[in-house]
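Chemist: Structure incoming, see below.
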């Protein structure tokens, strides 16, 4: 059994409004300014102590796309070659844009 506290863990859990959970690398999640503030704030906030962030206004289909984007961004962060296009389905574009804005992504 691991002796790491959730705040020290390599992973963080993101929970969508419809109850789906996404376990992603903490370093990748911290690409979001909002998530970074939630996880590294000096107080003892639930998000930073438990390593779980609940998004009451973001559905799973959108949160999944945001997580994929964070991994895409992390992979191409210091790329010197042409970066491939990140595909967003038109029917989810508005909700994805609103989530990205909220998450400071």
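Glycine too: its Cβ is placed from the backbone N, Cα and C atoms.
On a predicted model such as this, the values are computed, not experimentally measured, just so you know.
Copying in the features that TrEMBL gives for the protein in this structure:
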DOMAIN    11-73  domain 'SKP1 component POZ'
Chemist: Would you report the average pLDDT that the model assigns to the domain 'SKP1 component POZ' (11-73)?
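Modeler: Result for the domain 'SKP1 component POZ' (11-73): average pLDDT 92.
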Chemist: Determine how many residues of the domain 'SKP1 component POZ' (11-73) DSSP places in helix, in strand and in coil.
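Modeler: Once the DSSP states are binned, the domain 'SKP1 component POZ' (11-73) shows 31 helix, 13 strand, 19 coil.
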